[in-house]
Amino acid sequence: MSNLDQAYLDQLNPPQKEAVLKVEGPTMIIAGAGSGKTRVLTYRIAHLIKEHNVDPFSILSLTFTNKAAREMRERIETVVGSNARNLWMGTFHSVFSRILRAEADKLGYPSHFTIYDTDDSKSLLKNIIKYYGLDDKVYKPNVVLNRISSAKNRLVSWQEYMNNPIFLQDDTENGKPEMGKIYKEYVQRCFKADAMDFDDLLFNTNVLFRDHIDVLNKYQQRFKYVMVDEFQDTNISQYLITKKLAAVRRNICVVGDDAQSIYAFRGADIQNILNFEKDYPELNVVKLEQNYRSSKTIVGAANSIIGKNKNQLRKSVWTDNGEGELIDLIKATSDSEEGKLVASAIFESKNQNHYHNSDFAILYRTNSQSRALEEALRRNNIKYKIIGGLSFYQRKEIKDVLGYIRFAVNQNDEQALRRIINLPKRGIGDSSVEKLVVAAAENNADLWTALDNAKHVLSGRAATAVTEFVTLIKSFKLAVEKKDAFEAASHIAKNSGLLKELYDDKTIEGRNRYENVQELLNGIKDFVDNSENEDKSMSAFLQEIALLTDVENDKDEDKDYVTMMTIHSSKGLEFKNVFVVGMEEDLFPSQMMISSRQDLEEERRLFYVAITRAETKLYMSYALTRYRFGRLKTCEPSRFLSEIDTDFIKINQKFSSPASPAADYTRSFVNQVSQPVRKPVNQAVVHKPSPDFKPSNTSRLEVGNKVEHPKFGFGEVTSIEIQGANKKASINFEKAGEKTLLLSFAKLRIL
Ligand SMILES: Nc1ncnc2c1ncn2[C@@H]1O[C@H](COP(=O)(O)OP(=O)(O)OP(=O)(O)O)[C@@H](O)[C@H]1O
Ligand SMILES: [Mg+2]
């Protein structure tokens with residue numbers, strides 16, 4: 001997006017301008033990708049402040065990531081100046097956790113409540129499942145968590161859940177009749193621990209506004225204008241919050257694209273778009289049809305894809321931009337070759353077009369696909385960055401230090417306690433912790449009180465160790481109260497013994513971990529010195545990082561890197577060149593997700609999101625074999641490839657496997673490679689191994705060797721590749737065709 005300057009209204013087309021100028025009353029813009037919806041929101045806010053003298057403090061703008069909020073804020077700042085800092089802008093979770101902190105006492109929480117992340121929630125559920133003596137193979141913690149999460153997102157409390165026979169019946173049919181009991185215990189334990197999980201942030205905001213009219217009134221008065229980006233991905237809980245807040249003034253503007261709704265699996269509901277029309281009959285609906293982001297080819301391909309979905313609001317998207325190049329289809333024999341071909345294509349495009357690394361993004365369906373791509377990029381010296389995956393704050397050493405900090409802030413934080421109580425080892429085992437938790441429950445006391453009275457519950461060494469631990473935590477608590485966040489954190493890292501333990505580990509990993517903890521301390525220093533948040537307390541810092549989404553924590557100084565991320569995280573972003581990799585059946589569309597037509601349509605919308613991130617050039621790639629879950633699998637090209645109008649796509653000969661059968665691009669070839677659900681070749685091959693078949697030692701296998709495989713039959717080795725400890729051979733089998741096999745697994749007889 002170009003910089004906003006004084007003449008911002010000239011940078012809008014007529015319907016965009018209309019949406020910016022009409023600031024009173026409800027407005028909805030449901031329009032295609034790249035049509036300037038986010039731009040409209042940004043300019044609208046600038047306009048409200050500049051022309052209508054609206055106090056930024058009374059504008060609430062909800063975005064998909066905090067990063068998007070930061071970028072919008074920066075742009076608005078160029079028009080209205082530093083005043084823009086006071087805008088209420090961020091994700092639903094971050095904005096409402098701020099409000100919950102301010103109003104926590106109304107719900108019986110302290111303002112320093114802890115936010116449990118998914119790991120905390122899962123391990124708490126594990127404890128509960130064990131506590132009730134249930135089988136954790138039946139009650140899998142992440143399945144149970146999903147069930148609880150979806151109940152909360154539909155605003156179903158545990159009381160309603162337990163009293164509604166429909167849920168019990170459903171759970172009984174699923175073989176999990178005890179779900180209600182687990183849900184109840186989970187909520188009560190979170191409450192006891194002064195903790196809220198992610199879903200609670202929305203659930204409890206709804207409770208707050210439902211039960212405390214005075215509080216609701218206060219925020220209804222404060223937020224004179226409410227705006228929501230990516231509206232199609234709001235769930236009912238989020239929808240009701242905005243509806244309540246806007247109920248008095250009705251100045252609400254939502255923008256989104258039903259074709260990009262990709263979170264139905266987490267409870268997002270396109271129905272909200274339809275509800276909106278009902279809830280606001282006086283609604284001003286704005287249509288945006290011109291795409292400013294992408295070439296004609298890309299827009300055409302995207303339209304041809306989304307047209308295959310039955311459930312969508314029909315709308316047209318067109319662009320004035322040039323034709324652009326055709327989409328390049330890259331075919332690889334294996335996932336590692338896919339990585340190499342993608343890296344080579346980036347390398348060449350950079351040279352030819354003088355692009356920076358940052359002009360490229362690689363998008364995939366699941367995080368696990370990144371490994372082969374990373375290896376290839378590293379070999380080509382192309383700097384990349386994975387967004388998402390295991391983020392900085394998810395690393396063990398960081399979570400350990402944060403565990404101490406969390407417990408110093410909130411001594412009821414059971415999950416933090418369990419993490420740190422025996423770290424570094426001080427002779428306090430799981431069973432001692434369990435005894436303390438039970439003692440606390442039986443005496444209706446909180447965990448901290450039980451710890452403080454450990455000598456009545458435990459004996460011998462464990463009791464002494466717990467008493468020493470309590471003394472240590474008391475000193476940390478004091479540090480958190482008396483010192484600034486940075487000094488307190490440094491004190492805790494040092495005196496907990498964690499820093500020393502890492503320092504003493506002289507392995508490369510140990511050094512890395514030590515540096516990561518130093519980096520965490522740097523981050524806290526930065527927060528103290530530079531954060532926009534007025535509250536510089538340790539608990540404010542914890543809250544800020546608890547809500548960082550995948551796309552956020554960009555600590556890298558050098559910003560020139562190829563971005564790698566899942567398609568889900570790429571929503572709302574744009575890049576000059578985009579690679580959509582792993583275009584294979586079972587991977588994309590994902591095998592796990594397509595049990596119904598609705599699910600397939602959601603996968604297709606995800607594909608639409610991926611395509612529409614590209615401005616100039618789009619590449620798609622697939623591999624014929626791929627390691628998945630530790631096994632080499634034969635893959636079929638994704639059915640989505642055959643759904644792209646063939647006028648928009650061509651096979652890239654240069655960056656396709658030499659083994660690919662087609663020399664020239666022809667329509668029929670694309671159709672042929674993309675036929676959905678072809679039987680994998682190897683299933684058709686029936687080979688009876690020779691009577692004297694005995695696997696040979698393959699350590700000396702060479703290119704050109706003739707071999708026999710018990711299933712694929714006879715073939716010739718065409719290449720050998722060493723990858724770390726693994727050695728792979730590509731073998732051209734007479735009947736089964738080209739296969740890449742991992743030699744440590746493949747049974748081969750050298751002839
Ligand atoms: N009137 C305009 N003139 C020139 N460029 C524009 C105009 N409107 C939008 N753009 C540019 O088009 C691109 C897409 O805009 P924006 O990101 O706001 O679209 P969007 O509808 O929010 O897309 P998505 O659905 O992917 O979130 C941006 O680079 C933006 O700056
Ligand atoms: Mg947008």
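Here the Cβ of each residue, glycine as well, is placed from N, Cα and C on the backbone.
Record features, source TrEMBL:
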type	residues	note
BINDING	ALA31, GLY32, ALA33, GLY34, SER35, GLY36, LYS37, THR38	ATP binding site
DOMAIN	10-295	domain 'UvrD-like helicase ATP-binding'
DOMAIN	296-572	domain 'UvrD-like helicase C-terminal'
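Surrounding the centroid of the Cβ atoms of ALA31, GLY32, ALA33, GLY34, SER35, GLY36, LYS37, THR38, where the record places ATP, the chain contributes additional residues within 8 Å, namely ASP257, LEU288, ASN291, ARG293.
Summary: among the binding-site residues (ALA31, GLY36, LYS37, THR38), the fewest other C-beta atoms within 10 A of the C-beta are counted at THR38. Within the set of binding-site residues GLY32, ALA33, SER35, LYS37, ALA33, SER35, LYS37 have a CB atom less than 6 Å from some atom of ligand 1. Residues near GLY32 (ATP binding site) in space but far in sequence (CB under 8 A, at least 6 apart, same chain), listed by position: ASP257, ALA259, LEU288, GLU289, ASN291, ALA302, LYS315, SER316, VAL317, THR612. Cβ environment of ALA33 (ATP binding site): ASP257, ALA259, GLN260, ASN291, ARG293, SER294, ALA302, VAL317, TYR608, VAL609, THR612 lie under 8 Å away, each six or more residues apart in the same chain. Among the binding-site residues ALA31, GLY32, GLY34, SER35, LYS37, THR38, residues whose Cβ is positioned under 6 Å from ligand 2 are identified as LYS37, THR38.
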